[in-house]
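> Encoded as structure tokens, here's the structure I'll be asking about.
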């Protein structure tokens, strides 16, 4: 990144990385537009509130523009701009919810319904993912404890399987640090990432593999 000419970095950032980063908050933009229409229909716009909202939008853009100097834009780095966008939308929401007419009520209800319907599956998937990771951690640590108890030099543990979530934001880091071996006091060998949630196999009732398939 730093070996590239400045003009190339500017073009790459503003044509590729910045639009992708700002597009990650598409749900916020939809809610913002609906609430802004509600404010216009209710005729309750305040120049101070709208100016404040506009300033925070500029802050969101500036927060992502600042990564022009960075060779990478990890997902966690987008939180700053997201906070600015949420603050911006709060100004518009204040205007939208202080004076109502029939049209503005419909639009406000639509905004709440959209946010609620998006939040429910997102939260359920995220909760299920974290619960699965917790169970997988118990299995991995049990394997490590057993290897240390048996005086083994190495413990072979499965890599994490990350259940799907609605968007990449809540996903956990997949980096396996060498410091893990020093932390647990034993050499760790981590297998390739799995393609299924192996924690379920350890928590369900075992199958009777000696059962007869047929009587013949």
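From the backbone N, Cα and C atoms, a Cβ is placed for every residue, glycine too.
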> Match it up for me: which of 49-70, 137-158 does TrEMBL list as transmembrane segment?
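Matching range for transmembrane segment: 49-70.
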> Could you tell me whether the transmembrane segment (24-42) and the transmembrane segment (105-126) have 3+ CB pairs under 8 A, leaving out pairs under 6 positions apart?
yes
